[in-house]
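See structure below.
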């Protein structure tokens with residue numbers, strides 16, 4: 001609802017679910033779909049009221065929507081197997097799709113079912129005494145899923161089940177009809193609310209003056225559109241390529257690329273920004289979790305570490321991560337600045353210019369610590385900390401003090417959060433920069449440096465621009481020739497572009513830090529009237545608590561609250577049984593989360609869609625320390641029940657609990673491995689910060705780029721995103737990334753001015 005009105009068709013069609021499809025391209029057979037449907041029915045079966053405890057039974061009987069929710073099965077719901085299969089086939093990482101295909105195909109055969117399910121598929125009464133999975137009773141299918149959930153020696157079934165469960169439940173709780181309605185939202189007390197903003201319905205979007213949305217163009221119009229924006233364009237018909245001449249090309253439009261584009265355009269350079277995502281303004285955001293996460297996030301928000309332990313949340317739209325982040329605007333800690341400047345010898349952090357840059361960035365983003373009203377989860381974090389005598393810190397944010405938007409992770413529909421799309425990129429466009437959307441950088445254009453240049457710069461190569469591809473609407477390629485090239489694709493994509501272009505530095509793709517997190521949850525029944533609201537309401541991060549390990553003076557662990565819509569909640573929640581799943585969802589709106597985020601020592605490596613990452617022993621210990629502290633805070637705040645995201649549904653009732661019982665429970669808490677592990681218990685979490693992979697180094701051996709942001713291998717090639725940061729920093733990195741980009745791009749601007757004079 002919006003101000004008492006239904007959302008209806010608000011927002012871009014790309015950020016709403018499409019109407020029911022009649023044809024599909026998923027490639028699953030009818031038998032595969034039958035097996036898929038049978039799994040989904042066992043995940044969300046009808047639940048008899050007599051199986052519920054008294055408290056839940058009374059709650060269900062008082063609420064018609066909840067009663068209908070408990071009585072229904074997935075096959076009777078708004079979700080069709082074809083649609084779940086289509087999402088799996090088109091959105092998930094190919095390797096996981098292959099696993100799902102294999103599992104479903106095996107289950108279409110009787111012997112295959114015996115292989116994956118064991119003797120539970122035997123039927124002594126009917127020939128041939130073996131049942132296919134779809135022929136088994138609902139109770140037996142549920143038992144099979146419970147086994148798969150714990151069987152480390154059957155990784156194929158466990159991974160396949162995890163993926164089907166995640167996609168199915170995510171779609172089940174995020175699906176909407178053409179009026180943005182979902183029949184189960186009333187049951188779980190969820191609604192999509194958007195505050196009013198007088199600028200929300202403005203006709204012209206902030207970047208319209210400089211943006212070219214290539215998906216809306218064809219081969220006949222795209223060239224003229226670029227010329228109309230003032231670009232010098234020629235056509236190479238033999239290569240089916242348009243050649244563009246400019247001073248600077250920026251690949252990526254997020255926290256790093258947006259700042260670089262603004263600074264370089266302001267200095268008088270002709271700047272072209274290319275972005276593989278689409279452009280949306282506040283009026284375009286639907287606040288709908290499902291389609292927004294698939295459209296606005298890298299790899300549809302389904303990219304994971306190799307062990308399935310962490311999902312990556314990285315922006316893939318004009319504005320990048322600043323569009324989908326949670327507005328936390330924390331400056332680089334002094335201890336980190338000292339480490340990078342003194343111990344690692346990175347010159348950019350050793351001067352007062354960097355600290356001044358942080359002030360300039362915060363001013364441009366309108367960062368404030370003022371807040372009129374805290375949301376449900378932050379109230380709980382604050383209350384729990386105060387009860388325990390712990391320090392709680394107000395989080396600076398790049399939003400207004402009255403901002404109360406719980407859906408900023410899907411793009412801020414009120415426009416009160418100031419991402420690069422409404423700040424730095426506006427500055428760039430106002431200084432004649434051009435932004436091309438749905439434009440993907442394929443390769444950097446590198447040439448051998450001549451002998452004099454090589455001796456002068458010490459670099460064997462020179463970057464001359466970028467080769468890029470456009471949207472599916474045209475086969476034309478782009479060759480963007482530039483005097484300077486800035487890569488800002490983020491830590492997950494920048495390494496691949498550099499490596500595929502022929503750069504060989506050993507630090508490229510390595511040294512990834514992810515600020516890993518583990519979440520704790522606490523259920524606060526409605527009778528607790530002191531804590532108002534619901535988990536999905538209010539600004540996402542307004543309070544935090546720093547946990548200090550006994551042997552450290554630098555906070556390596558931070559406790560914050562996340563954005564977690566019903567789809568994400570359902571996808572991540574451990575599945576113990578169909579009844580338990582429905583009970584957890586019935587409590588969704590009053591289930592608060594606190595996560596522990598660690599400044600990790602462990603490092604990873606990015607190779608395409610595969611991210612290899614391992615925590616160190618110290619990281620594991622810090623996550624466990626943070627998770628236990630989060631649980632203590634939730635209990636102190638008055639939770640009736642608390643738990644973790646361990647696959648067995650680890651939890652504890654809190655009413656009347658004694659301290660010794662709490663400590664006994666906490667002794668069982670740890671940071672479990674991922675689904676691929678050889679462990680009975682596993683977990684899945686997410687990470688919103690990806691750092692490193694092209695880090696700065698004082699020497700070529702220590703980093704992929706130098707202390708001024710330039711590649712050690714290729715002259716006139718710079719990197720301006722989170723991948724340049726030398727280590728993890730332990731706090732939300734937006735201000736650090738933008739301030740680093742500010743310093744790098746100002747140096748580039750000065751260098752270009754000097755060249756012009758020479």
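Each position is counted from 1, following the chain as shown.
Using N, Cα and C of the backbone, Cβ positions are placed for all residues, glycine too.
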Given ranges 102-122, 123-143, 186-206, the stretch to which Swiss-Prot attaches the annotation transmembrane segment: 102-122
Which range of 155-175, 218-238, 239-259 is transmembrane segment, per Swiss-Prot: 155-175
Residues of the parent chain within Cβ reach of the transmembrane segment (155-175), under 8 Å, 6 or more residues beyond its termini: 17, 36, 39-40, 43-44, 74, 77-79, 83-84, 87-88, 91-92, 96, 99-100, 102-104, 116, 145, 148-149, 182, 184, 188, 288-291, 308, 565-573, 575, 581, 585, 675-676, 684
Residue, out of the binding-site residues 252, 254, whose Cβ gathers the largest set of other Cβ atoms within 10 Å: 254
Of 246, 248, 250, 260 (the binding-site residues), the residue whose Cβ has the fewest other Cβ atoms within 10 Å: 246
Helix, strand or coil at residue 250 (FAD binding site) [DSSP, three-state]: strand
Other CB atoms, at most 10 A from the CB of residue 256 (FAD binding site): 36
Residue 689 (active site, proton acceptor): tally of other CB atoms within 10 A of its CB: 27
Between residue 252 (FAD binding site) and residue 689 (active site, proton acceptor), the C-alpha gap once rounded to whole angstrom: 17
Pairwise Cα distance for residue 246 (FAD binding site)/residue 689 (active site, proton acceptor) [Å, integer]: 32
